[in-house]
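According to TrEMBL:
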{"type": "DOMAIN", "residues": "8-424", "note": "domain 'Copper amine oxidase catalytic'"}
{"type": "ACT_SITE", "residues": "D87", "note": "active site, proton acceptor"}
{"type": "ACT_SITE", "residues": "Y175", "note": "active site, schiff-base intermediate with substrate"}
{"type": "MOD_RES", "residues": "Y175", "note": "2',4',5'-topaquinone"}
Amino acid sequence: MNPINPISMEQPQGPSFTVTDGHLVEWANWEFHLKADQRAGFIVSRVVVRDSETGDRRSVMYKGFPSELFVPYMDVDEAWYFKSYMDAGEFGMGATAMPLVPLNDCPRNAHYMDGVFVSADGRPFIQPNMICLFERYAGDSAWRHTELTVSAGGLREARAKVTLVARMASSVGNYDYTIDWEFQTDGLIKITVALSGMLMVKATVHDNMNQIENQEETGPMVSENVIGVVHDHFITFHLDMDVDGPNNTFVKVNLVKEENLEGKTPRKSYLKPVRHVAKTEEDARVKLSLYNPSEFHVVNPSRRSRLGNPSGYKVVPEANAASLLDHSDPPQLRSAFTNNQIWVTPYNRSEQWAGGLLTYQSHGDDTLDVWSHRNREIEDKDVVLWYTLGFHHVPCQEDFPIMPTVAASFQLKPVNFFDRNPILRAHPVFEKDLPVCRPSESASAM
(Lines of atoms letter the chains of each structure in order from A and count residues from 1; the text may use other names and numbers.)
(Lines give C-alpha, C1' and ligand atoms only; values in the text may rest on other atoms or scores of the structure.)
Protein backbone atom coordinates (compact mmCIF):
# COMPACT_ATOMS: atom_id res chain seq x y z
CA MET A 1 0.00 0.00 0.00
CA ASN A 2 1.30 3.45 -0.88
CA PRO A 3 1.93 5.62 2.18
CA ILE A 4 -0.69 8.22 3.11
CA ASN A 5 0.61 11.65 3.95
CA PRO A 6 -0.20 12.85 7.49
CA ILE A 7 -3.44 14.82 7.90
CA SER A 8 -3.74 17.26 10.77
CA MET A 9 -6.68 19.23 12.12
CA GLU A 10 -5.49 22.76 12.96
CA GLN A 11 -7.36 25.35 15.02
CA PRO A 12 -5.48 28.67 14.75
CA GLN A 13 -7.69 30.28 17.40
CA GLY A 14 -7.69 27.26 19.69
CA PRO A 15 -10.56 24.89 20.55
CA SER A 16 -14.14 26.14 20.74
CA PHE A 17 -14.93 24.12 23.88
CA THR A 18 -14.01 24.65 27.52
CA VAL A 19 -13.61 22.14 30.35
CA THR A 20 -14.33 23.57 33.81
CA ASP A 21 -13.33 21.81 37.06
CA GLY A 22 -12.06 18.90 34.98
CA HIS A 23 -15.54 17.64 34.07
CA LEU A 24 -18.01 20.31 32.87
CA VAL A 25 -17.82 20.67 29.07
CA GLU A 26 -19.27 23.63 27.17
CA TRP A 27 -19.22 23.80 23.38
CA ALA A 28 -21.33 25.69 20.83
CA ASN A 29 -24.90 25.22 22.11
CA TRP A 30 -24.11 22.22 24.34
CA GLU A 31 -23.24 21.73 28.00
CA PHE A 32 -22.66 18.39 29.73
CA HIS A 33 -20.77 16.72 32.57
CA LEU A 34 -18.22 14.03 31.73
CA LYS A 35 -16.63 11.64 34.21
CA ALA A 36 -14.72 8.38 34.13
CA ASP A 37 -16.41 5.35 35.70
CA GLN A 38 -14.82 2.06 36.68
CA ARG A 39 -17.70 -0.03 35.35
CA ALA A 40 -19.28 2.02 32.53
CA GLY A 41 -16.08 3.57 31.14
CA PHE A 42 -17.37 7.10 31.19
CA ILE A 43 -20.70 8.70 32.00
CA VAL A 44 -22.25 11.66 30.19
CA SER A 45 -24.69 13.52 32.42
CA ARG A 46 -26.67 16.75 32.85
CA VAL A 47 -26.88 17.21 29.09
CA VAL A 48 -28.29 20.62 28.18
CA VAL A 49 -28.71 22.32 24.79
CA ARG A 50 -29.27 26.03 24.27
CA ASP A 51 -32.21 27.03 22.07
CA SER A 52 -30.87 29.31 19.33
CA GLU A 53 -34.22 31.15 19.06
CA THR A 54 -34.88 31.90 22.73
CA GLY A 55 -31.45 31.46 24.30
CA ASP A 56 -33.00 29.11 26.89
CA ARG A 57 -30.92 26.24 28.30
CA ARG A 58 -33.06 23.13 27.85
CA SER A 59 -32.43 19.71 29.35
CA VAL A 60 -32.14 16.66 27.09
CA MET A 61 -30.76 13.85 29.23
CA TYR A 62 -29.87 13.41 32.89
CA LYS A 63 -27.41 10.54 32.42
CA GLY A 64 -26.23 8.14 29.72
CA PHE A 65 -23.68 5.33 29.69
CA PRO A 66 -23.04 1.77 28.42
CA SER A 67 -24.72 -0.37 31.07
CA GLU A 68 -23.61 -3.83 29.95
CA LEU A 69 -21.80 -5.66 27.13
CA PHE A 70 -22.71 -9.28 26.38
CA VAL A 71 -20.35 -11.41 24.26
CA PRO A 72 -21.45 -15.06 23.73
CA TYR A 73 -19.28 -17.46 21.70
CA MET A 74 -20.96 -20.09 19.53
CA ASP A 75 -19.10 -23.28 20.38
CA VAL A 76 -20.51 -26.10 22.52
CA ASP A 77 -17.26 -27.99 23.09
CA GLU A 78 -16.34 -28.70 26.71
CA ALA A 79 -13.53 -26.13 26.60
CA TRP A 80 -15.74 -23.47 25.01
CA TYR A 81 -19.43 -23.76 25.94
CA PHE A 82 -19.03 -21.49 28.98
CA LYS A 83 -17.34 -18.68 27.05
CA SER A 84 -19.85 -15.88 27.31
CA TYR A 85 -18.82 -12.63 28.90
CA MET A 86 -20.43 -9.56 30.44
CA ASP A 87 -17.61 -7.10 29.95
CA ALA A 88 -18.88 -4.17 32.02
CA GLY A 89 -20.09 -6.15 35.03
CA GLU A 90 -17.32 -8.75 35.11
CA PHE A 91 -14.29 -6.70 34.06
CA GLY A 92 -15.27 -3.02 33.98
CA MET A 93 -15.01 -0.78 30.93
CA GLY A 94 -13.19 1.85 32.99
CA ALA A 95 -10.98 -0.66 34.78
CA THR A 96 -9.82 -1.97 31.39
CA ALA A 97 -9.59 1.45 29.71
CA MET A 98 -6.20 2.17 28.19
CA PRO A 99 -4.38 5.48 27.63
CA LEU A 100 -5.32 6.82 24.21
CA VAL A 101 -2.55 7.14 21.63
CA PRO A 102 -2.22 10.75 20.41
CA LEU A 103 -2.46 11.24 16.61
CA ASN A 104 -3.75 7.65 16.18
CA ASP A 105 -6.61 7.16 18.64
CA CYS A 106 -7.40 10.89 18.70
CA PRO A 107 -6.45 13.79 16.40
CA ARG A 108 -3.83 16.43 17.04
CA ASN A 109 -6.37 18.95 18.35
CA ALA A 110 -7.65 16.64 21.12
CA HIS A 111 -7.86 17.49 24.81
CA TYR A 112 -7.20 14.60 27.22
CA MET A 113 -8.76 13.72 30.58
CA ASP A 114 -7.49 11.21 33.14
CA GLY A 115 -9.59 8.56 34.86
CA VAL A 116 -9.31 8.20 38.64
CA PHE A 117 -10.41 4.88 40.15
CA VAL A 118 -10.13 2.83 43.32
CA SER A 119 -7.63 -0.03 43.07
CA ALA A 120 -8.06 -3.43 44.73
CA ASP A 121 -6.16 -2.29 47.84
CA GLY A 122 -8.33 0.81 48.23
CA ARG A 123 -5.79 3.28 46.92
CA PRO A 124 -6.52 5.74 44.11
CA PHE A 125 -5.38 4.69 40.67
CA ILE A 126 -4.96 7.18 37.83
CA GLN A 127 -5.37 6.12 34.20
CA PRO A 128 -3.76 8.91 32.15
CA ASN A 129 -5.25 10.11 28.87
CA MET A 130 -8.27 7.84 29.29
CA ILE A 131 -10.77 10.17 27.58
CA CYS A 132 -10.22 12.57 24.71
CA LEU A 133 -12.35 15.49 23.56
CA PHE A 134 -11.98 16.98 20.10
CA GLU A 135 -13.81 18.91 17.43
CA ARG A 136 -14.29 16.94 14.23
CA TYR A 137 -14.54 18.33 10.72
CA ALA A 138 -14.44 15.86 7.84
CA GLY A 139 -15.49 18.15 4.99
CA ASP A 140 -19.20 17.37 5.39
CA SER A 141 -21.98 19.93 5.29
CA ALA A 142 -24.45 20.56 8.13
CA TRP A 143 -26.98 21.78 5.58
CA ARG A 144 -26.95 23.00 2.00
CA HIS A 145 -29.28 24.14 -0.79
CA THR A 146 -29.09 25.61 -4.26
CA GLU A 147 -32.02 27.71 -5.49
CA LEU A 148 -31.77 27.74 -9.28
CA THR A 149 -34.73 30.03 -9.92
CA VAL A 150 -33.34 33.08 -8.08
CA SER A 151 -30.86 34.13 -10.74
CA ALA A 152 -29.06 32.80 -13.76
CA GLY A 153 -26.28 31.39 -11.62
CA GLY A 154 -28.56 30.23 -8.82
CA LEU A 155 -28.18 30.88 -5.11
CA ARG A 156 -25.92 28.50 -3.20
CA GLU A 157 -25.72 28.19 0.57
CA ALA A 158 -23.93 25.59 2.69
CA ARG A 159 -22.66 25.31 6.24
CA ALA A 160 -19.76 23.20 7.43
CA LYS A 161 -20.56 20.36 9.80
CA VAL A 162 -18.40 20.54 12.91
CA THR A 163 -19.08 18.20 15.84
CA LEU A 164 -17.66 17.58 19.31
CA VAL A 165 -16.54 14.03 20.14
CA ALA A 166 -15.91 12.48 23.57
CA ARG A 167 -14.01 9.18 23.18
CA MET A 168 -12.56 6.36 25.23
CA ALA A 169 -11.12 2.92 24.43
CA SER A 170 -11.16 -0.24 26.56
CA SER A 171 -9.14 -3.41 26.03
CA VAL A 172 -11.22 -6.21 27.55
CA GLY A 173 -9.03 -9.25 27.10
CA ASN A 174 -8.57 -9.83 23.39
CA TYR A 175 -11.13 -7.22 22.22
CA ASP A 176 -10.81 -3.44 22.04
CA TYR A 177 -13.90 -1.22 22.25
CA THR A 178 -13.91 2.46 21.28
CA ILE A 179 -16.97 4.41 22.41
CA ASP A 180 -17.81 7.86 21.00
CA TRP A 181 -20.42 10.38 22.07
CA GLU A 182 -20.69 12.92 19.26
CA PHE A 183 -22.60 16.18 19.70
CA GLN A 184 -23.88 18.13 16.68
CA THR A 185 -24.94 21.77 16.58
CA ASP A 186 -28.39 20.78 15.27
CA GLY A 187 -29.16 19.09 18.60
CA LEU A 188 -28.37 15.53 17.53
CA ILE A 189 -26.28 13.15 19.65
CA LYS A 190 -24.66 10.17 17.92
CA ILE A 191 -23.34 7.24 19.97
CA THR A 192 -20.91 4.89 18.23
CA VAL A 193 -19.28 1.66 19.37
CA ALA A 194 -16.27 0.46 17.36
CA LEU A 195 -14.65 -2.97 17.70
CA SER A 196 -11.09 -4.03 16.98
CA GLY A 197 -8.41 -6.20 18.61
CA MET A 198 -7.62 -9.90 18.34
CA LEU A 199 -10.05 -12.69 17.58
CA MET A 200 -10.58 -15.43 20.13
CA VAL A 201 -9.52 -18.44 18.07
CA LYS A 202 -9.56 -22.20 18.25
CA ALA A 203 -6.94 -24.67 17.03
CA THR A 204 -7.75 -27.24 14.35
CA VAL A 205 -5.80 -30.06 12.72
CA HIS A 206 -6.84 -28.71 9.31
CA ASP A 207 -4.80 -26.20 7.34
CA ASN A 208 -7.17 -25.81 4.38
CA MET A 209 -10.94 -25.56 4.00
CA ASN A 210 -10.87 -28.45 1.51
CA GLN A 211 -10.11 -30.78 4.43
CA ILE A 212 -13.25 -29.80 6.37
CA GLU A 213 -16.41 -31.76 5.59
CA ASN A 214 -20.00 -30.71 6.22
CA GLN A 215 -19.00 -27.43 7.89
CA GLU A 216 -18.08 -29.38 11.03
CA GLU A 217 -16.17 -26.48 12.57
CA THR A 218 -17.91 -23.74 14.59
CA GLY A 219 -16.39 -20.95 12.55
CA PRO A 220 -14.47 -20.17 9.38
CA MET A 221 -10.77 -20.87 8.97
CA VAL A 222 -8.85 -17.59 9.27
CA SER A 223 -5.32 -19.03 9.02
CA GLU A 224 -3.63 -22.42 8.83
CA ASN A 225 -4.81 -24.54 11.80
CA VAL A 226 -6.79 -21.58 13.19
CA ILE A 227 -10.60 -21.29 13.44
CA GLY A 228 -12.25 -17.94 14.17
CA VAL A 229 -15.18 -18.85 16.42
CA VAL A 230 -18.48 -17.16 15.55
CA HIS A 231 -19.70 -14.82 18.29
CA ASP A 232 -21.91 -11.82 19.06
CA HIS A 233 -21.44 -8.45 20.73
CA PHE A 234 -24.33 -6.61 22.40
CA ILE A 235 -23.94 -3.23 24.08
CA THR A 236 -26.90 -1.96 26.11
CA PHE A 237 -27.05 1.76 26.90
CA HIS A 238 -28.82 3.30 29.89
CA LEU A 239 -30.32 6.63 28.74
CA ASP A 240 -32.09 8.57 31.49
CA MET A 241 -33.90 11.05 29.26
CA ASP A 242 -35.02 14.39 30.71
CA VAL A 243 -36.52 16.12 27.66
CA ASP A 244 -37.43 19.60 28.93
CA GLY A 245 -37.76 18.12 32.41
CA PRO A 246 -37.84 14.78 34.24
CA ASN A 247 -41.38 13.63 33.39
CA ASN A 248 -41.48 12.16 29.90
CA THR A 249 -43.63 9.79 27.82
CA PHE A 250 -42.56 7.11 25.33
CA VAL A 251 -44.43 7.22 22.02
CA LYS A 252 -44.21 4.70 19.17
CA VAL A 253 -45.02 6.33 15.83
CA ASN A 254 -45.96 3.37 13.64
CA LEU A 255 -45.84 3.74 9.86
CA VAL A 256 -49.02 2.02 8.70
CA LYS A 257 -49.79 1.18 5.08
CA GLU A 258 -53.18 2.51 4.01
CA GLU A 259 -54.94 1.14 0.93
CA ASN A 260 -56.56 3.63 -1.45
CA LEU A 261 -60.09 3.21 -2.72
CA GLU A 262 -60.18 2.28 -6.40
CA GLY A 263 -60.93 5.24 -8.65
CA LYS A 264 -59.96 7.90 -6.10
CA THR A 265 -56.32 8.17 -7.22
CA PRO A 266 -53.83 6.28 -9.41
CA ARG A 267 -51.91 5.44 -6.22
CA LYS A 268 -52.69 2.09 -4.61
CA SER A 269 -51.31 2.79 -1.14
CA TYR A 270 -49.51 5.26 1.09
CA LEU A 271 -47.92 5.38 4.55
CA LYS A 272 -49.57 7.07 7.50
CA PRO A 273 -47.92 7.77 10.88
CA VAL A 274 -50.03 6.47 13.78
CA ARG A 275 -49.01 7.47 17.31
CA HIS A 276 -49.23 5.01 20.19
CA VAL A 277 -48.53 6.24 23.72
CA ALA A 278 -46.91 3.55 25.87
CA LYS A 279 -48.77 3.34 29.19
CA THR A 280 -46.73 0.55 30.78
CA GLU A 281 -43.34 -1.14 30.41
CA GLU A 282 -44.87 -3.93 28.32
CA ASP A 283 -46.14 -1.38 25.79
CA ALA A 284 -42.61 -0.01 25.34
CA ARG A 285 -40.69 -3.19 24.53
CA VAL A 286 -39.46 -3.07 20.94
CA LYS A 287 -38.01 -5.64 18.57
CA LEU A 288 -36.78 -3.76 15.52
CA SER A 289 -38.22 -4.83 12.16
CA LEU A 290 -37.71 -3.45 8.66
CA TYR A 291 -41.21 -4.52 7.69
CA ASN A 292 -42.96 -2.97 10.68
CA PRO A 293 -41.21 0.42 10.76
CA SER A 294 -41.71 2.86 13.60
CA GLU A 295 -40.18 5.92 15.13
CA PHE A 296 -39.48 5.92 18.85
CA HIS A 297 -40.06 9.25 20.60
CA VAL A 298 -39.44 10.37 24.15
CA VAL A 299 -41.62 13.46 24.59
CA ASN A 300 -42.59 15.94 27.26
CA PRO A 301 -46.39 16.26 26.97
CA SER A 302 -46.30 19.40 29.13
CA ARG A 303 -43.99 21.30 26.77
CA ARG A 304 -45.43 22.15 23.35
CA SER A 305 -44.01 23.85 20.27
CA ARG A 306 -45.69 26.90 18.77
CA LEU A 307 -47.59 24.47 16.51
CA GLY A 308 -48.78 22.32 19.40
CA ASN A 309 -46.41 19.37 18.96
CA PRO A 310 -44.94 17.88 22.16
CA SER A 311 -41.25 18.59 22.65
CA GLY A 312 -39.27 15.43 22.09
CA TYR A 313 -36.21 13.43 21.12
CA LYS A 314 -36.27 10.20 19.15
CA VAL A 315 -33.91 7.26 19.18
CA VAL A 316 -32.83 6.50 15.60
CA PRO A 317 -31.48 2.95 15.11
CA GLU A 318 -28.80 2.31 12.51
CA ALA A 319 -27.23 -1.08 11.70
CA ASN A 320 -28.15 -3.59 14.39
CA ALA A 321 -28.40 -7.29 15.22
CA ALA A 322 -30.55 -9.33 17.61
CA SER A 323 -29.61 -12.22 19.87
CA LEU A 324 -30.78 -15.52 18.34
CA LEU A 325 -29.99 -17.69 21.36
CA ASP A 326 -32.78 -19.68 22.99
CA HIS A 327 -34.30 -17.68 25.85
CA SER A 328 -33.71 -20.62 28.21
CA ASP A 329 -30.02 -20.90 27.29
CA PRO A 330 -28.01 -20.06 30.47
CA PRO A 331 -26.00 -17.23 28.84
CA GLN A 332 -29.20 -15.70 27.45
CA LEU A 333 -30.98 -15.98 30.82
CA ARG A 334 -28.19 -13.89 32.35
CA SER A 335 -28.31 -11.43 29.45
CA ALA A 336 -32.05 -11.28 28.82
CA PHE A 337 -31.71 -7.52 28.36
CA THR A 338 -30.83 -8.40 24.74
CA ASN A 339 -34.27 -9.96 24.13
CA ASN A 340 -35.42 -6.56 22.85
CA GLN A 341 -33.59 -3.63 21.28
CA ILE A 342 -35.58 -0.99 23.20
CA TRP A 343 -36.98 -1.03 26.72
CA VAL A 344 -38.43 1.80 28.79
CA THR A 345 -38.59 1.64 32.59
CA PRO A 346 -39.50 4.13 35.31
CA TYR A 347 -36.40 5.56 36.94
CA ASN A 348 -35.17 3.51 39.89
CA ARG A 349 -31.81 4.26 41.43
CA SER A 350 -31.09 0.54 41.93
CA GLU A 351 -31.74 -0.26 38.24
CA GLN A 352 -28.64 0.98 36.44
CA TRP A 353 -26.87 -2.19 35.30
CA ALA A 354 -28.86 -4.17 32.72
CA GLY A 355 -27.29 -7.48 33.75
CA GLY A 356 -27.80 -6.82 37.45
CA LEU A 357 -25.66 -5.23 40.11
CA LEU A 358 -23.66 -8.43 40.68
CA THR A 359 -23.00 -10.29 37.43
CA TYR A 360 -20.40 -12.92 38.35
CA GLN A 361 -22.16 -16.32 38.39
CA SER A 362 -25.54 -14.59 38.18
CA HIS A 363 -28.60 -16.58 37.11
CA GLY A 364 -30.65 -13.86 35.44
CA ASP A 365 -32.85 -12.99 38.42
CA ASP A 366 -31.83 -9.30 38.55
CA THR A 367 -31.82 -8.07 34.96
CA LEU A 368 -33.57 -5.44 32.89
CA ASP A 369 -35.90 -8.17 31.63
CA VAL A 370 -36.98 -9.01 35.20
CA TRP A 371 -37.53 -5.35 36.10
CA SER A 372 -39.55 -4.70 32.94
CA HIS A 373 -41.91 -7.61 33.63
CA ARG A 374 -43.19 -5.80 36.70
CA ASN A 375 -45.04 -3.84 34.02
CA ARG A 376 -45.00 -0.53 35.88
CA GLU A 377 -46.63 2.63 34.57
CA ILE A 378 -44.35 4.84 32.48
CA GLU A 379 -46.62 7.52 31.01
CA ASP A 380 -45.61 11.03 32.09
CA LYS A 381 -42.97 9.64 34.48
CA ASP A 382 -39.24 10.00 35.00
CA VAL A 383 -38.25 7.24 32.55
CA VAL A 384 -35.09 5.49 31.39
CA LEU A 385 -34.76 4.35 27.78
CA TRP A 386 -32.51 1.34 27.18
CA TYR A 387 -31.10 0.75 23.71
CA THR A 388 -29.06 -2.27 22.61
CA LEU A 389 -26.57 -2.24 19.74
CA GLY A 390 -25.70 -5.64 18.30
CA PHE A 391 -23.08 -7.26 16.09
CA HIS A 392 -23.01 -10.78 14.65
CA HIS A 393 -19.37 -11.59 13.92
CA VAL A 394 -18.56 -14.34 11.43
CA PRO A 395 -14.75 -14.06 11.26
CA CYS A 396 -12.86 -13.96 7.98
CA GLN A 397 -9.20 -13.95 6.94
CA GLU A 398 -9.03 -10.15 6.98
CA ASP A 399 -9.83 -10.24 10.71
CA PHE A 400 -6.63 -12.12 11.52
CA PRO A 401 -4.41 -11.53 13.41
CA ILE A 402 -5.73 -8.02 14.28
CA MET A 403 -9.16 -7.11 12.97
CA PRO A 404 -9.84 -3.79 11.20
CA THR A 405 -12.22 -1.58 13.14
CA VAL A 406 -15.94 -2.17 12.57
CA ALA A 407 -18.52 0.19 14.06
CA ALA A 408 -22.25 0.62 14.66
CA SER A 409 -24.19 3.64 15.88
CA PHE A 410 -27.52 5.04 16.94
CA GLN A 411 -28.75 8.61 17.31
CA LEU A 412 -30.72 10.72 19.73
CA LYS A 413 -32.35 13.29 17.49
CA PRO A 414 -34.61 16.24 18.32
CA VAL A 415 -38.19 15.87 17.11
CA ASN A 416 -40.32 19.03 17.44
CA PHE A 417 -37.89 20.10 20.16
CA PHE A 418 -36.97 23.27 18.25
CA ASP A 419 -39.39 25.51 16.37
CA ARG A 420 -37.25 25.31 13.24
CA ASN A 421 -33.83 24.17 12.04
CA PRO A 422 -31.63 25.41 14.93
CA ILE A 423 -28.55 25.98 12.76
CA LEU A 424 -30.02 28.17 10.00
CA ARG A 425 -28.12 31.10 11.47
CA ALA A 426 -24.81 29.26 11.71
CA HIS A 427 -21.93 31.26 10.25
CA PRO A 428 -20.29 30.03 7.03
CA VAL A 429 -16.54 29.45 6.86
CA PHE A 430 -14.44 31.61 4.54
CA GLU A 431 -10.94 31.14 3.19
CA LYS A 432 -9.73 34.18 5.10
CA ASP A 433 -10.62 32.43 8.38
CA LEU A 434 -8.09 29.67 7.76
CA PRO A 435 -4.30 29.47 7.71
CA VAL A 436 -2.68 29.38 4.28
CA CYS A 437 -1.45 25.91 3.36
CA ARG A 438 0.44 25.69 0.08
CA PRO A 439 1.22 22.38 -1.66
CA SER A 440 4.85 21.37 -1.85
CA GLU A 441 6.59 21.40 -5.23
CA SER A 442 6.61 17.62 -5.40
CA ALA A 443 2.89 17.44 -4.63
CA SER A 444 1.94 20.16 -7.13
CA ALA A 445 3.97 18.45 -9.85
CA MET A 446 2.04 15.19 -9.50
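Residue positions begin at 1 at the first shown residue.
Placed from the backbone N, Cα and C atoms, the Cβ positions cover glycine too.
Since the structure is predicted, the reported quantities are computational estimates derived from the model, not experimental observations.
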> Rounded to an integer, what is the Cα-Cα distance in Å between D87 (active site, proton acceptor) and Y175 (active site, schiff-base intermediate with substrate)?
Replying inline: 10
>> Applying a 10 Å Cβ distance cut-off over all chains shown, what neighbour count does Y175 (active site, schiff-base intermediate with substrate) have?
In response: 22
>> Give me the count of other Cβ atoms within 10 A of the Cβ belonging to the residue listed as 'active site, proton acceptor'.
In response: 24
> To what whole number does the mean pLDDT across the domain 'Copper amine oxidase catalytic' (8-424) round?
Replying inline: 94
> Can you tell me the three-state DSSP label for D87 (active site, proton acceptor)?
Replying inline: helix
